[in-house]
Amino acid sequence: MFHPIEEALEALKKGEVIIVVDDEDRENEGDFVALAEHATPEVVNFMATHGRGLICTPLSEDIAGRLDLHPMVDHNTDSHETAFTVSIDHKLTKTGISAQERSFTIQALLDEESVPGDFQRPGHIFPLIAKKGGVLKRAGHTEAAVDLAKACGSQGADVICEIMNEDGTMARVPEISEIAKSHQLKMITIKDLIEYRYNITTLVNREVDITLPTDFGTFRVYGYTNEVDGKEHLAFVMGDVPFNSGPVLVRVHSECLTGDVFASHRCDCGPQLHAALRQIAEEGRGVLLYLRQEGRGIGLINKLKAYRLQEQGYDTVEANEALGFLPDLRNYGIGAQILRDLGVQHMKLLTNNPRKIAGLEGYGLSISDRVPLQMEASEHNKQYLQTKMKKLGHLLHF
């Protein structure tokens, strides 16, 4: 159903329109996307006729800044924080609404000789400002379009249009697939674009490495920063870096302040952390990644709010969903980049979570074996562990 990102890029370079679909838990919509330089009157008319939604022009912050395109509102209350600027028309257009005139305005946005005074405000073209970091910062159609443009070697501007059904309802994947098939368009997902970017873009910087004696042995600790969100991650290493031969014992551990530091009995995170360090030390060779993904990615305060809901009878999955989050928001692309920086290509993964295996393999790493890391359940965390087993697919046995 969906095409590889590489095929979509080739289609865009040829001037074709593609379709980009986001996740079911977000807008669950598809947009037509074309590079701004190929936004001919025919392309604009195609989008207006078959998309029926609002035609917008995602732009990089650089282009928006050069043309003095400011946010439409000072306080954005849109649920997805879509960054509209004030709408525009080129000053040489008449009504500005025809396909020809909208195409003219879009093309002028790309002209490096264009100045802010060349555009009237308001108008019939709706620029959108993409966040720096693209889909790795915000998984929206705006960022996806600009990321695709940049990957094509373009300036970072596109034209997009939401796809609606003939009855005025929003088209979902089944209807969008039929549209793609009938018009022979490439169709991709933002999720696949995120994985593509993690695989082609280096987003971590090794900042420091030191020797750290611990209760489990002496480790070499490498400190990394993430260019997307500025978070700091650690790699506890035993053995010589880079790891150039044989599978390496690896644990990818997400931060849990309450469990790792304060020995909380609500989870098994602290015991897992210590057990993993002990096993790596016993093997004499391995890596423990400590990723700043508190509360399966929802953050410390939200995790505490989830705990409060659990006290009211929710399980760990239901609590996350009641707060408006997916059960697990973690992403392993940054972890995969750190492992690659350390020379890890093949590993034995300490985990009970099959999604973690799939997540790392999706970034080109090879996992030869899964090493279980099950801790003894307590009266305080037994229900939590059973929920992880039943609802999140963790490989646990009671």
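Just so you know, glycine gets a Cβ as well, placed from its N, Cα and C.
Here's what Swiss-Prot has on this protein:
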- Arg26, Glu27, Asp31, Arg138, Ala139, Gly140, His141, Thr142, Glu162: D-ribulose 5-phosphate binding site (BINDING)
- Glu27: Mg(2+) 1 binding site (BINDING)
- 200-398: region 'GTP cyclohydrolase II' (REGION)
- Arg251, Val252, His253, Ser254, Glu255, Gln272, Glu294, Gly295, Arg296, Thr316, Thr351, Lys356: GTP binding site (BINDING)
- Cys256, Cys267, Cys269: Zn(2+) binding site (BINDING)
- Asp328: active site, proton acceptor (ACT_SITE)
- Arg330: active site, nucleophile (ACT_SITE)
DSSP on Glu162 (D-ribulose 5-phosphate binding site), three-state: which is it?
strand
His141 (D-ribulose 5-phosphate binding site): which of the recorded positions His253, Glu255, Arg296, Asp328 is the nearest Cα neighbour?
Asp328
Could you say whether, by DSSP, Asp31 (D-ribulose 5-phosphate binding site) belongs to a helix, a strand or a coil region?
strand
Across all protein chains in the structure, which of the recorded positions Asp31, Glu255, Glu294, Asp328 has the highest Cβ count within 10 Å?
Asp31
What subset of the recorded positions Asp31, Ala139, Cys267, Asp328, Arg330 lies within 10 angstroms of Glu255 (GTP binding site), using C-alpha positions?
none
Run through the Cβ atoms and count how many others sit within 10 Å of the one on Cys267 (Zn(2+) binding site).
23
What is the nearest of the recorded positions Arg251, Glu294, Arg330 to Glu162 (D-ribulose 5-phosphate binding site), using the Cα of each?
Arg330
With GTP as the bound species and Arg251, Val252, His253, Ser254, Glu255, Gln272, Glu294, Gly295, Arg296, Thr316, Thr351, Lys356 as its recorded binding residues, calculate the greatest Cα-Cα distance and give it in Å as a whole number.
23
Nearest by Cα to Ala139 (D-ribulose 5-phosphate binding site), of the binding-site residues Arg251, Cys267, Glu294, is Glu294
In whole Å, how far does the CA atom of the residue listed as 'active site, proton acceptor' lie from that of Arg296 (GTP binding site)?
5
Per 10 Å Cβ neighbour count, which of the recorded positions Arg251, His253, Arg296, Arg330 ranks highest?
Arg251
Take the C-alpha atoms of Cys267 (Zn(2+) binding site) and Glu294 (GTP binding site) and report the distance between them in angstrom, rounded.
13
Measuring Cα to Cα, tell me the gap between the residue listed as 'active site, nucleophile' and Cys256 (Zn(2+) binding site) in whole angstrom.
13
Mind looking up the mean pLDDT for the region 'GTP cyclohydrolase II' (200-398) in the predicted model?
92
From binding-site residues Asp31, Cys256, Cys269, the one whose Cα lies nearest Glu294 (GTP binding site)
Cys256
